[in-house]
Structure formats: structure tokens, C-alpha cells
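S.K.: One structure, as C-alpha cells, below. Some questions next.
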Amino acid sequence: MAFPIPARQLFIDGEWREPIKKNRIPVINPSTEEIIGDIPAATAEDVEVAVVAARRAFRRNNWSATSGAHRATYLRAIAAKITEKKDHFVKLETIDSGKPFDEAVLDIDDVASCFEYFAGQAEALDGKQKAPVTLPMERFKSHVLRQPLGVVGLISPWNYPLLMATWKIAPALAAGCTAVLKPSELASVTCLEFGEVCNEVGLPPGVLNILTGLGPDAGAPLVSHPDVDKIAFTGSSATGSKVMASAAQLVKPVTLELGGKSPIVVFEDVDIDKVVEWTIFGCFWTNGQICSATSRLLVHESIAAEFVDKLVKWTKNIKISDPFEEGCRLGPVISKGQYDKIMKFISTAKSEGATILYGGSRPEHLKKGYYIEPTIVTDISTSMQIWKEEVFGPVLCVKTFSSEDEAIALANDTEYGLAAAVFSNDLERCERITKALEVGAVWVNCSQPCFVQAPWGGIKRSGFGRELGEWGIQNYLNIKQVTQDISDEPWGWYKSP
């Protein structure tokens, strides 16, 4: 489907500005491999201009020093404007990222919902200011202020381009911070378009600045900038480590939402067809490009044969097509680089002795685009690369277990700790498994539902900190203790001269 990509510049201080070095990055439609436009390529010089604008906006009295209720009016206006322009954003997200149109619809709905939710959090912040602290000495009284951290750098990924940027923008702005957003260069179009929304609702200049560009050229200078007070990053564990190391030089706080290799544990007492659908959804949703993808299937040995047989039948029924086609449930992966990486994972699995039970190739009916069949890999050992490393593509590996203890051990056999799913009709067993799983989120009898009201984040090498919910806004607040002596009496520690 042909759809024009708007020609945009960098969004700095409420204006569209050409990059200082005037470079551009081509936008490639992953469904066709065709160049459909370009985006500006920011460098360290542009980062400097954007950070100065954000700091100036933070020091003005029309944002950070205002009430949460005042900021909430802007967040609600943004939510309304996103809803008004929903069709435009959905089309751009689909053509830029390759995700199925129906998924992009849900994403953009969630963008609006996220701004609406954090508008409420901004208002709630007003009621929490000057919260009293009970002290053991009557001559003192104490309270707590919740104040914005300052200028924050937000680095977002390409799998949910505008939505995961929103997970950072909305709470940061609700808290009263000003921000510089650096989205992934692989899918930046909707994030740039968001700058136009900011202007349309009258967001004060400099409150949000949007820089597209390559990680080393724009992301790294943002992380290391001495006038950026915090970094919130979503991306790979390897890049997250670099972000953390760079920020550490300035003792700069970071929140990191990184990779995963999440397990899905299926016990013998389940409705197999129901769980099979959740299994393919948990791994193949968003074209398999989900940090929380439950890509390690652990199924009880007593039902494994029947389960895997139905798994293949359901997987064969997935419609793989141009993302704009009605009923599309699997589109292309994001780029040629990602395509090659996934195919290398599959070939390595074969060479290590695994069986590609289904898929593993380009769909025969799609000659162009970065399409990969949904792939099921069996005969897995825990030493294999496919078991240990994040693929970030539509690849599911399958292993059996015989006992609850074995299931827990296999599920936790990973350096990651983002999410996990457990399926059983025995809810007491589900509760035991939930407590034992070393992750930040557990789905019981489902996989992947995510709500703005609930916290999101991982442990181990999946990062730290929590986005969304009431925890999301806390990432962007400084908690300040204020203690006052209310006695007329002298302190009396030293002898009076």
C-alpha cells in the first residue's frame, strides 16, 4: 500500500529544524524493501541544542513549577489529538514498522490511553505534595515534596515505536520534567509526527524535543550529556550496558528495559487448543519482535505430543501477508539486518542438532520484504544458542518437563528476567510457580497482555526500574525531605557565650 511519509526535520524548542550537518537517513518499508522517504539524522551538535532548549523550558515557570492539574490539561489534549488523528498514525506505524494493521490500531489506542492515564497521575501528584512525615520529636515537623528530576533523555525502541516512546514521554511530562526523545532510527516516523501534535495542543516550546538519528551519533551524546539528569532506555541488553556505563561516569540515574528470553510453562491439566492459541500469540505477536516474547515453551511431557501437533496446525493457519491486508497476523521483521540475524539463529539451531519442526524460511508467496515464517524448533538442549539468546523474531523453541521443580528450573535457566507465563487449571500451583519465577511480570493462563495501570520491567539482565502505573511517574520525581523546627526554645546543644 502506497502511503506518503511526511517530510519532517528535527523537533527542537517547538520548531522543525534541519540537522546541523544536514544529513538524512532513508526510511525503508520492510514489506517491500523500498525506500519510501527519509528522516533527519541528528548528531552531537543537535543534541546540544535540544538539551539547552529542554533546560530553558524546565527553568521557565510554565511547566516544571506548575501544578500537576495544569500539566494534565496538555496530556489530555494530546490524548484527544492522537485519537482524532488515529487513522493517520496507524497507517504510518504500519508502513514504517511492518506490524499488522490491526496491531497498529491497538498501539495507537494505547498511546491515547497512556496520556489519559498519566494526566490522572499528574493530578494525583498535587494531592501528595507536602505529605506529612510522623517524627518522634514534637519540636520538629516534616513533609515530603515530589519534584521533577529535570531534563530527561528518553531512548525508545522500534518494535512499538510511538507506544513505547509514550511510556516514557507521558510520565516524564506528568512529573514536570522536560525531555529529549531519541527514537530508534529503524522506526521513527510516528515519533516525529508526534512533534506536530505537541504544537497543535500548544505544548510549551522545549518541553519535548525529538531527535531522530543513529545511536552512536545521537543516542550516545544524549546519554553522556552533563546537563541531562536521567536516562530512560528501552532496547537490547548490550546497548543497555553501554548506556549504564556512560551514565555512571556522571552518577546519572537510569532505568533500563532490556532483552528477554521468557518461558511459557504449560501443565497437563489445560485446555490444549486454548493454550496453543495463547502460545502462538505470546511468541508471534508483533512479528515475534517483543522483548517479553514467551519464546521458550515448556510443556508437560504427558501432553507434549498432542500439544505440539496442534501447535503446528495453528501456526500453519497464521496469515502472513502485507500488513495492510485484512486479517494479516504476521508481517515482515523490521529490517534486512534483523532478517539476517534471525535466519542465522535458525541455521545455528540446525547445526547444533535442533529440529526445525515448522517454518524457518521465507514464505514462498512473498518474494519481497523481510518476511520469515513462524518457526517452531524442537529437540532443544539447554546449551544451544536458540535456548539461551534472544532472537527477537518469530521463533519458538520447545522443551518438555516432567515435574513442577524441573519446570521451574528450566524456566529460570536464563540470564534474563523480564516476563513469564504459566498455564494450569490448578490456581494454587500457578501461585507457587509465580512466586518461584525470577521475572518482573508473570501472566497466569495468558501471555502478553499489558496495561498502563500495572508496572512493567524486569530483573537480572532484563534491566531494572519500572515503567507504567503509579510506578512510572516515580521514575521522574525527586523526593525531597523538608524538616522545620517549630519550637521557640533554643536548641541548647552548645553553652551560650
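Counting begins at 1 with the first residue displayed.
Heads up, the Cβ atoms here are built off N, Cα and C, so glycines get one too.
Annotations for this protein, taken from Swiss-Prot, read as follows:
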- Arg8: blocked amino end (Arg) (MOD_RES)
- Ile28, Asp96, Leu186: K(+) 1 binding site (BINDING)
- Ser156, Pro157, Trp158, Lys182, Pro183, Ser184, Glu185, Ser236, Ser237, Ala238, Thr239, Leu258, Glu390, Trp456: NAD(+) binding site (BINDING)
- Asn159: site 'Transition state stabilizer' (SITE)
- Val251, Lys460: K(+) 2 binding site (BINDING)
- Glu257: active site, proton acceptor (ACT_SITE)
- Cys291: active site, nucleophile (ACT_SITE)
S.K.: Is any of the recorded positions Arg8, Asp96, Glu257 within 10 Å of Glu390 (NAD(+) binding site) (Cα-Cα), and if so, which, in sequence order?
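M.R.: None, since no candidate lies within 10 Å.
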S.K.: Other than Ile28, Asp96, Leu186, which residues of the chain come within 8 Å of the K(+) 1 site, judged by Cβ distance to the Cβ centroid of those residues?
M.R.: Val27, Asn29, Pro30, Ser97, Gly98, Trp158, Ala187, Ser188, Val189, Ile334, Ser335
S.K.: Could you measure between Glu185 (NAD(+) binding site) and Lys460 (K(+) 2 binding site) for me? Cα positions, answer in whole angstrom.
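M.R.: The Cα atom of Glu185 (NAD(+) binding site) is 27 Å away from the Cα atom of Lys460 (K(+) 2 binding site).
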S.K.: Around Glu185 (NAD(+) binding site), how many other CB atoms lie within 10 A of its CB?
M.R.: 21
S.K.: I need the CA-to-CA distance for the residue listed as 'blocked amino end (Arg)' versus the residue listed as 'active site, nucleophile', whole Å please.
M.R.: 29
S.K.: Where does Lys460 (K(+) 2 binding site) sit in DSSP terms: helix, strand, or coil?
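M.R.: The three-state answer is strand.
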S.K.: I'd like to know which of the recorded positions Thr239, Val251, Glu257 sit within 10 A of Leu186 (K(+) 1 binding site) at the Cα level.
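M.R.: If one measures from the Cα of Leu186 (K(+) 1 binding site), no recorded positions come within 10 Å, so the answer is none.
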S.K.: Rank the recorded positions Leu186, Cys291, Glu390 by how many other Cβ atoms lie within 10 Å of each Cβ and give me the one with the fewest.
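M.R.: Least crowded of the recorded positions Leu186, Cys291, Glu390, by Cβ count within 10 Å, is Leu186.
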S.K.: If you count the C-beta atoms lying within 10 Å of each candidate's C-beta, which of the binding-site residues Ile28, Val251 ends up with the smallest number?
M.R.: Val251
S.K.: Long-range neighbours only, meaning 6 or more apart in sequence with Cβ under 8 Å: which ones does Trp158 (NAD(+) binding site) have?
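M.R.: Ser97, Pro183, Ser184, Leu186, Ala187, Ile334 - these are the non-local Cβ neighbours of Trp158 (NAD(+) binding site), listed in sequence order.
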